[in-house]
Amino acid sequence: MAPMAMDHLCFVLPTESGELKPPVMVEETTEEEEEKKSRDCGRQVVSLIGDLFRRLHGSKLVKSLNLCSINESKDSISMEINKSFTDMEGVQLSSKVGCENPRIFGYSELYIGTNGFSDELILGSGGFGRVYKALLPSDGTTVAVKCLAEKKGEQFEKTFAAELVAVAQLRHRNLVKLRGWCLHEDELLLVYDYMPNRSLDRVLFRRPEVNSDFKPLDWDRRGKIVKGLAAALFYLHEQLETQIIHRDVKTSNVMLDSEFNAKLGDFGLARWLEHKIDETEHDSSYDSVSSFRNHQFRVADSTRIGGTIGYLPPESFRKKTVATAKTDVFSFGVVVLEVVSGRRAVDLSFSEDKIILLDWVRRLSDNRKLLDAGDSRLAKGSYDLSDMKRMIHLALLCSLNNPTHRPNMKWVIGALSGEFSGNLPALPSFKSHPLYIPLSSLKSTSTSATTTTTRTTMTTTTSTTSFNASSESTPSSNYVTALEDSIYQTAETGENPYFNYNSRRVMSSKSFVLDTPREISYNDLVLATDNFSDARRVAEVDFGTAYYGLLNGDQHIVVKRLGMTKCPALVTRFSTELLNLGRLRHRNLVMLRGWCTEHGEMLVVYDYSANRKLSHLLFHNHIPGNSVLRWKSRYNVIKSLACAVRYLHEEWDEQVIHRNITSSTIFLDRDMNPRLCGFALAEFLSRNDKAHQAAKKKGSAQGIFGYMAPEYMESGEATTMADVYSFGVVVLEMVTGQPAVDYKRKKEDALMVLRIREVVGNRKKLLEEIADIHLDDEYENRELARLLRLGLVCTRTDPKLRPSISQVVSILDGSERFFEEEGGKEGDVSRKQMYDSSMLMIRQMQALGIH
């Protein structure tokens, strides 16, 4: 029998003395019972969805949103749903994939839930509408309903569209989650998760004289809120396909859940910008910590004022100023000052020299009295003085007048988490700085005839004073002023990449498309891929083939066509991947576009942006015509991959354990940016401690030998450290150019991790001899040594000695803290255990005829 040839293999092996055991089932059932159970479930799902389509078919809601093309008759829709259900042998994907994506709500449901939009259920108001608390009659869920019917006109509709499309695309634990929306006549409504602790300004600025039971927000919670807000902005600025500038970061837009986790909301002013890096201009004072790069953009941004006075940076008031990520950084700095001081950015109840928070704290800095800015309501001894001083210092760095001198949010996160030691960059003297808002400008000024600023009164504040706002371009000493109001001057000439229409005709027909995964017809995919022709084949992937396609004439896609469509295990993997991947959004994760289950097929549709497997570039570069992955690209791939894994482990609503991080599940786009895929084995774990621990103990080890952590193979318990181990193997593959397992070698040398660890431990080879020979010595020695060291600590046998993924990101940015504090060597006993278990695995594989 000839040895099997394969790219990789996913399997479960028997123990040394036992036989292959069947997978553990929750309950045993006969085939007849299982089939009947599936059919009964299917009829309920089909009936429910069919009824939903019948009610929505022809309705104004569906037609106006143009969310799907519904040209079929009611009967044909039901038949197609039933057909896809039977094709999947009990798996009705159309009712599951995207079930957590925003949906259309009926107006009657929201009307009943808010008691007819009762004033008693108003949570707050501002911007373009009011927010109501609602109890959904359908499932008893409490939500927040933002009613946007108070303003009319094109600008109002554009803002509604901006907020809807922005939030619908985002997936982060520190962003307010959009549940859905409703269009009813002239009323536009957005439905969000309900936040029990309301907005940060309500909690932060309450006074004991108003509420005798009031207790000020403690220091630990304040720090947690600041870190959460920083993580949200970092995600918007750097972790998406297009950069999102929020433009209205303030305490009233930071919501708090039951655990006081920060959730940034209100995306009515948000703008999408393409990433483009300009490394020519930056402040070198931040270089010692991480690469500090100034972002410029290809897409035209709004040059008109948008935001709230007190949080807007000085450059916002100049003619033709473009909003950038540094606009949000400035606003973030002001919010941090509010959190530390417990007072508003602009507060007329203070004496003249303290009305403007930023100007007052700057004067304290010049007088070396930063701690005087701390909230006097905090009990002495309840916080560390150095922590408070560092927080104020960081806030002032973020709110510097010159945007190029402000740090980016990645650097801010490092400063907040203590990822680097030492002092922060020194603050300048503010004596020569112009005042942010001179007191002379705190007077009502006439508004010019060209002013289009919209002002609203915020009911969430204890006192409300309005000022007129001038649109005239004035010197820095005459900044326009207003209080508590968002300024909505946001008309644009550029196009929003998330919209499917020309910006000049924005919402004129009330038609736009949300960019979420959808079911795609088989005929469309046949047409897109030229009937899955060999000429369109781009790669062999897990249990199938990937094809390039052009959908609807303008969307470049990759279609993964799975074989063995009758295999129950593969059907499960197919549905699992769709359900998992459709819930995530990150620039270094492959983007799911849709799926198809017609005619017994299992087709998954992705963006075409990434179409080359990392393993192919690393291990097949000896083939004529194949290019070598250069060192700079390798290092950047590892950094980006680490950010993607951190998003899965720490930044999404649930903790995601991938369980299949390999060089074969990483694809590269034309710019060598990585996209992690292969989510069929992923575990989604609640961040609730009890549920999290219970979920981790379920299941058996599944993955690719050579990448699976020793403790995971032994116990089957999925943990983040198992992913870190797999990540470490990929790092070592990048350094050495050698695959995780090489069966052409002797069995004791087949496992790359053990081989490299032994070589380094015995000092048999120099660094340049370990490096991939195809690099031709063209690499940065310090970076190569860092990656080698990182790969070794990530693949330690004891998971407690491995770094977390956040520590991995810091190491890649140049931090030595982990190595200094926890870089002890692994014991010989642990290495011996790993060696023995690996040799056992290799013997079992050879016994199965796998070479």
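Sequential numbering from 1, following the chain as shown.
Glycine too: its Cβ is placed from the backbone N, Cα and C atoms.
Taken from Swiss-Prot, the feature domain 'Protein kinase 1' applies to 117-436, supported by sequence analysis.
DSSP gives K146 (ATP binding site) a strand state. Look at Swiss-Prot and you will find 123-131, K146, 538-546, K560 tagged as ATP binding site, backed by sequence analysis.
If you look up Swiss-Prot, you'll see D248 marked as active site, proton acceptor. For the recorded site, D248 (active site, proton acceptor), the DSSP three-state label reads coil.
Per Swiss-Prot, region 'Disordered' is recorded for 448-471.
Look at Swiss-Prot and you will find 532-819 tagged as domain 'Protein kinase 2', backed by sequence analysis.
Neighbour counts of Cβ atoms within 10 Å were taken for the recorded positions D248, E540; the minimum is at E540. On its own chain, L123 (ATP binding site) has V131, Y132, K133, A144, R198 as residues at least 6 apart in sequence with a Cβ closer than 8 Å to its own Cβ. A gap of 47 Å separates the Cα atoms of F543 (ATP binding site) and D248 (active site, proton acceptor). Of the recorded residues, A546 (ATP binding site) and D248 (active site, proton acceptor) place their C-alpha atoms 42 Å from one another. Under DSSP, F543 (ATP binding site) is assigned to coil, being neither helix nor strand in the three-state scheme. With respect to their backbone Cα atoms, E540 (ATP binding site) and D248 (active site, proton acceptor) stand 46 Å from each other. Counting in whole angstrom, K146 (ATP binding site) lies 17 from D248 (active site, proton acceptor) by their C-alpha atoms. Reported as a whole number, the C-alpha separation between D248 (active site, proton acceptor) and G129 (ATP binding site) equals 16 Å.
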